[in-house]
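Straight from TrEMBL, the features:
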type: TRANSMEM; residues: 9-27; note: transmembrane segment
type: TRANSMEM; residues: 81-102; note: transmembrane segment
type: TRANSMEM; residues: 109-128; note: transmembrane segment
type: TRANSMEM; residues: 134-150; note: transmembrane segment
type: TRANSMEM; residues: 162-189; note: transmembrane segment
type: TRANSMEM; residues: 201-219; note: transmembrane segment
type: TRANSMEM; residues: 231-251; note: transmembrane segment
type: TRANSMEM; residues: 257-285; note: transmembrane segment
type: TRANSMEM; residues: 318-337; note: transmembrane segment
type: TRANSMEM; residues: 349-366; note: transmembrane segment
Amino acid sequence: MNRYLTQRFVLYALFIIAIVLAGIQFLSDRGVWLDEAVLTLNLIHRNAVGLFRPLDYNGVAPVLFLLIQKAFISLVPKSDYALKVFPLICYLAFLPLFGRILSRLFKSIYSIILGLSLVIFNQTIIYYSSEAKQYIVDLLVIAIFYYLLIEEKALKGFYYKLLVLGSICIYLSNITPIILLTVDIYLFYKSRSENRPLGRHFIITNLCWGVFFALYYFVFIYSHPTQHKMVGYWSNAGAFMPFDSSFWGWIAGRFHGIFYFLFYFGQLIGTCILVLFGLGVILLVRYRRYDLMILTLLPVCVHLVLSGLKLYPFETRLYLYLTPGLVITCVFSYEFLVTGLSHLRFGKAVGFIFLLFPALMARVVFIHQPPYTQHDDIKRGIETINKKFEKGDALYTGNLTGLPVKYYKDLGVIDRRLDVIYKDSLLNTHCPYAVKRLWVLTYSVEDQPQELSELLKSRQLIKKDSFETRGGVRFSLFAQGNALVQKKSAP
């Protein structure tokens, strides 16, 4: 009994830690970056009906996700927190659901602890739990269908639940078609292995899914105005699987990204996770666990094929939803090692060594303390400019920074007296003639644009001050030689 209570205590402690880490990330009030700004500008300037049309600024997102985000913005207007509530809810719903999945698949409490730790201490997942995009929603969606399939025989109205949830998720998550294909192949395999027919419920469910997907495809995807631009962007980013001599190098690079960035725990733990995954794949094949292979590996293969056909890129935030399957594969090999070697003299030592992983993962998290950021945090720099603002100042936005600045300008975060000069591919305005001090906002790695150099020279503006925010965004103040600059500390 004491051992049972100890195990339960450890699991509850892990969930509490997960809530605390996600809460810190949420409450950090991280500013929006370019991709988030693209969606939020559409959300604040359009009504619900307007979200059914192609978005401005080349924005793309599932329509149901946009409508839910719009609802939260309507409830809590003019706040970045409103954008992050729904992703946080999805993350908090995912955790106990994934814990339930692990408890159904594995007998050892240590296996469950390892599986949960790979998610709870995962800095990438913690970051996306508060990003105003749909990627954490994808994680919840695949967990829902994993749970339904694993609990198939115990659930009443199984096909009804599949039909309803599948139809809804088509409009909520872009990766739903991959998951529904996985569901169909899994059910087909189970029917053959258990010698039972699928029946009319299976056919009706798939017909309904087909109707809902066809409607979604022809209304929201077919001939979308951003299609060619997005294909070009992701091609330049190397997110499509090549079918030439660079194939194996590309595959190696993608898997390196999975085990050393998606699982962001450093080289040592990343290598151990890679070894566990590789061993897990071998063991799944060796013991003919085709059911688990379909659930965990088939989505990876389908996604890779789609990327090769240039239909869906294979990039970190877009394959975040694969995390549960990857974790299950790793835990499968871990449980094999612990149970298979337990009768040997050194067997318990092997299990203990692997059980150190959660502690090492937690150590990585507490060394790199949340909140985490993967992109520019323009908001902090804007707050500093507001404090240093003088009448007649203007703000010049470089490439990729214009839309986040416009969002905060429209939201009222930027001092309304501050003129903003937008100079990027989507926004373009002219410099006020009377400007004497110019704040320049660019990435620190960018070269100074020729147009900006000419502007500074024509106005006789000299660099007086600068600071950099998290994410590599540089704010520089240029003023005329006799202009006074008030010295204040940077954030």
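Each residue, glycine too, has its Cβ placed from N, Cα and C.
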Highest-contact recorded stretch vs the transmembrane segment (257-285), from 201-219, 231-251, 318-337, CB pairs under 8 Å: 318-337
Proximity verdict for the transmembrane segment (318-337) and the transmembrane segment (9-27), three or more C-beta pairs under 8 Å: no
Recorded stretch that, among 81-102, 201-219, 231-251, has the most CB pairs under 8 Å to the transmembrane segment (9-27): 81-102
Surrounding residues of the transmembrane segment (81-102) on its own chain - C-beta under 8 Å, 6+ positions past either end: 11, 15, 18-19, 22, 26, 29, 32, 36, 40, 43, 65, 68-69, 72-73, 75, 111-112, 115-116, 119-120, 125, 128-133, 136-137, 139-140, 143-144, 146-147, 150, 324, 328, 331
